[in-house]
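Here's the structure, in structure tokens; my notes come after.
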Amino acid sequence: MKTHTGEKPYQCNTCGKRFGQISTLKNHGRLHTDRKSFSCDTCGKRFGQISALNTHARLHTGEKPFSCDTCGKRFGQISALNTHARLHTGEKPYMCNTCGTSFSQRSALNAHVRLHTGEKPFSCQYCGKDFRSSSNLSAHMRIHTGEKPYPCDTCGKRFGQISALNAHERIHTGEKPFSCNCCGKRFRMRKSLILHMRVHTGEKPFSCRTCGKDFRSSSNLLDHIRVHTGGKPFSCNTCGTRFSHRSTLNSHKRLHTGEKRYCCKTCGKNFRTSSKLLCHMRVHTDERPFPCKTCGKGFRTSSNLLRHMRVHTGEKPFPCKTCGKDFSSSSYLKIHMRLHTGEKPYPCKTCGKGFRSNSNLLDHMRVHTGEKPYLCNTCGMRFCSSSQIKSHKNSCEKLHMCNTCGKRFTQRATLKSHMRVHLETGTRV
């Protein structure tokens, strides 16, 4: 009856929190006494309740005895199943009295309420960082311990948070349960949807204290700050190259392994990152969702638009620390730096010649294949690379043409000499 009436007659003498059952109060009391009598035989972690130990043990055994009747998904805890079931029913029984937002879990409501109060009662013993919920603290602690207790049943990859595992599993299933109300685009993770919504709203709540530039996400701000600090905390174990972003390091590692896990369903081409696959797909769809507000030109990626905008502004924010030359993009600077270091990380598989950039390698490969995709509309000549046709056009467009016979010459003096032939003979040559 106490569950229905809300009566909580049992009070904790230490913190004053009240409970509806004496057994719940006793379990809570162990938080204060820190009496953890039950130890995990596998990892040694200790628990105050045998039920908590049994639940924890399933992380090691992989046992998932609780199955969803709707979709068949299995869980290691009955509470996790009950929470999952609310995805199907849409039930959100826990409502915030301050703002009216509803939640499917009481713990989520409790953490949310602390947004209003500012309370962060859970502190990390290693770094002192405070958190609104014990689950957030537990997830954070794994940064220090390196623990990754959640394995993917499909590929074996391990994760420090159950939410990260759930998001990862959707890579295998293709499930994208979070939909944008504005454009219909779907996402695997709720946080990805929240970030995407800021594209529509224009919201950029994270501001750089150094230059005032605003960003849509805290991770984008953190990445940007390294432009000012020069910090590159992520190092490649194979070659020692350092990176500002972990995602860039992960992508770089695939250069060594040759792994290209993302495949285009249209043409079968494989890519190292999902973002490169997404950009490539726009080659097939010809989608250019990023227009320049100055000239109207469309681009396939926001980074290409940003680089293009510097054509109008003249901005070159990436200086070479060796020679002082400035560049409009970090990728151009990176390629330029290889002039100083001598690095040529792109070898030709046919002849072994090395190149500073992938585009230079592609141009070179056409020497072997004979491909000449660049056509001069003036004279009809074809070229292997964009640099060749650019150089050619500079001379081709300056050719001096004979008005009598249409013949072209690179020098005006040669044209004048040729014209005398017409004048002397009165003929068309």
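Glycine residues also receive a Cβ, built from the backbone N, Cα and C atoms like all the rest.
Residues or ranges marked as domain 'C2H2-type' in TrEMBL: 10-37 (among others).
If you look at the domain 'C2H2-type' (66-93), the same-chain residues 6 or more away from its ends with a CB under 8 A from one of its CBs are 55, 58-59, 102-105, 162, 177. The annotation domain 'C2H2-type' is assigned in TrEMBL to 66-93 (among others).
Residue counts for the domain 'C2H2-type' (122-149) under DSSP, split into helix (H, G, I), strand (E, B) and coil, are 12 helix, 4 strand, 12 coil. Residues or ranges marked as domain 'C2H2-type' by TrEMBL: 122-149 (among others).
The domain 'C2H2-type' annotation in TrEMBL covers 150-177 (among others). Confidence for the domain 'C2H2-type' (150-177), expressed as mean pLDDT, is 86.
Residue counts for the domain 'C2H2-type' (178-205) under DSSP, split into helix (H, G, I), strand (E, B) and coil, are 12 helix, 4 strand, 12 coil. What TrEMBL records for 178-205 (among others) is domain 'C2H2-type'.
Look at TrEMBL and you will find 206-233 (among others) tagged as domain 'C2H2-type'.
Sequence-distant neighbours of the domain 'C2H2-type' (234-261) (same chain, 6+ residues past either end, Cβ-Cβ under 8 Å): 223, 226, 270-273, 345. Annotation comment: TrEMBL describes 234-261 (among others) as domain 'C2H2-type'.
If you look up TrEMBL, you'll see 290-317 (among others) marked as domain 'C2H2-type'. Under 8 Å from some Cβ of the domain 'C2H2-type' (290-317) lie the Cβ atoms of residues 227, 279, 282-283, 326-329, all in the same chain and six or more residues away from its ends.
The domain 'C2H2-type' annotation in TrEMBL covers 318-345 (among others).
For 346-373 (among others), the entry in TrEMBL reads domain 'C2H2-type'. Counting residues 6+ beyond its ends, the domain 'C2H2-type' (346-373) has Cβ neighbours under 8 Å at 335, 338-339, 382-387 in the same chain.
Taken from TrEMBL, the feature domain 'C2H2-type' applies to 374-400 (among others).
Helix, strand and coil content of the domain 'C2H2-type' (400-422), in residues and according to DSSP, is 11 helix, 4 strand, 8 coil. Annotation source TrEMBL lists domain 'C2H2-type' at 400-422 (among others).
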